Every structure is written in C-alpha cells, then in structure tokens.
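I have placed the structure first, in the form of structure tokens, so that the comments after it can refer back to it.
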Amino acid sequence: MNRFSVLMCLVILSIFHGVPTAEGDVTVKFSLLGSNHKSYSKFITSMRNALPNAGDIYNIPLLVPSISGSRRYILMQLSNYEGNTITMAVDVTNVYIMGYLVNGTSYFFNETDAQLASKFVFQGTKSITLPYSGNYQKLQSVARKERDSIPLGFMALDSAISTLYYYDSRSAPIAFLVLIQTTAEAARYKYIEKQIIDRISVSKVPDLAAISLENEWSLLSKQIQIAKSNNGQFQTPVKIINDKGILTEVTNVSSLVVTKNIMLLLNKLNIASFEDHVISTTMPQA
C-alpha cells in the first residue's frame, strides 16, 4: 500500500470512526450534503462504536457506569444541506446530549449534568445556559408539542440544525427533540435508525412503537442485565407497543427487541439517576 492509500484510509477512519482531539474527546461527523441511507447508517454505527463499554450482555454493548473528565463526552458534528455546522456534546454513560457549539458560542441545558459537561467541553467559548433542561418532558412542555406530533427525517434534521445554528429560541426545543431522536435514540435502537432512513425523502412523525422504545430504554436495559443471572428471564415484564401498534410484553431475552433491535444498554448502576434526569426540572437560576 502506497503513502497516498494510507493517507486516504486515515481520512476515512477519521470521518466514520471518530478522531481524538487535543482535549482527548472523540468526534463523529455527519453531513446531510450528499448523504443517503448508507452514510447515515455509517454515522450511527460510528457513534455506537465511539461509546466506551463495559463488555457485552447478550451481544449488546453495556455502557460504562461512570468515567471522569473530558473522556465522559464525545463530540458529534452535524452539518445541514447548506453546510451550516453545529457540534453536540454527548455523555457516553447514557447517550444524553448536554449542549452544543456553533462558531464561538456554546449552549448548555439548564441541569446539573450539563453544567458539569461545560467544565470539560467547548472550553474558551462564550457559554450560555438554556432556559430549560434536556429531558423529553421539559422540551415537550416548552415546545408545546409531543414527540408523536413532530416529524422526523432528513428534512426535519436539516431544519433542526439551521434552527440551532442561528439559535431561534422559539423553535429550539422542537429542534432538540428532532436531533435527540435522530442521533441518540437511533444509536440506542436499530428500529429508530430505520425510522429515520424511511424518512429520508419525506418527513413523517414517529410511530408509537418508536416512542414506546424511547420511553422504556432504561427498563429494557435493566431487565436484560437481570436476565443474565436469571436464565434469560426478565424479573418484571416490560410493556411496549410493537410495530403493528399493539401493546405487548417483553419477558425474556429471546424477544426480537433484545436480539435484533436494542443496540446499547444503559448500565443498571445509572438507571435511577437516568430516570431522575428524564423527569427532572430545570435548575434554579442564581
């Protein structure tokens, strides 16, 4: 292999598998310009691979329970069709978005974990605390819309990136809801990744199965970990809505949700704090 070939391989790896920065962070990138289902899937795969894990349970990576300093975060660079770029900071212990950077200004959610993240990422920038936290309950409340009424897809992602790039405060909560599902939730579930791929050309609202999976990630993660020492059986069934819109119970690891769908497990040591995070309110302003 000649030097040019080696260089090209390194460039490709840097795009799809993450590049360590001077701060020790890892950056994964996705641009809508020239994108298709293959490039999006490669991006989601690279995002999953960038998350450190504590081993596999039933062939599913188990996220680490904790990690210190800047290593707790990866950076996710997103560009829209016009080439506008934003960079999101993602907590590797739960795939939770902490905030984002555009040009020289960083925006962080109004919550304890995001304020901690601001001490390690986007250093040397003008830092702004958003007037809300990053959990679904709060974002939907501020947006005055539920997730099942907000379209997803490449056009929706393009609009979301533009909204945050120019920071339209009225539309920002909806933009975050689109970004979270298009990136973090797609990394957690193959089904949600496919939902986005099915919406490349035309934006549509997510189906109830996708919303159900999003809501039950911590419970599914917990029961899969319990099943490891319980002959593959869940201690408590997890109720989800399937792709036919029917409420069903997942009771063991032979379920397709476990074998073909869930791609990351939230560590059981973090489940209580994650659930508190999901329903938390904003921090009081000083």
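Cβ atoms here come from the backbone N, Cα and C positions, even for glycine.
Pulled from Swiss-Prot:
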- E185: active site (ACT_SITE)
- N103: N-linked glycosylation site (CARBOHYD)
- N110: N-linked glycosylation site (CARBOHYD)
- N252: N-linked glycosylation site (CARBOHYD)
- 1-21: signal peptide (SIGNAL)
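Packing around N110 (N-linked glycosylation site) is summarised by its Cβ count: 20 other Cβ atoms lie within 10 angstroms of its Cβ, all protein chains included. Within 10 Å of the residue listed as 'active site', counting C-alpha to C-alpha distances, fall none of the glycosylation sites N103, N110, N252.
According to its DSSP assignment, N252 (N-linked glycosylation site) is in a strand. Sorted by the number of other CB atoms within 10 A, the glycosylation sites N103, N252 start with N103, the lowest.
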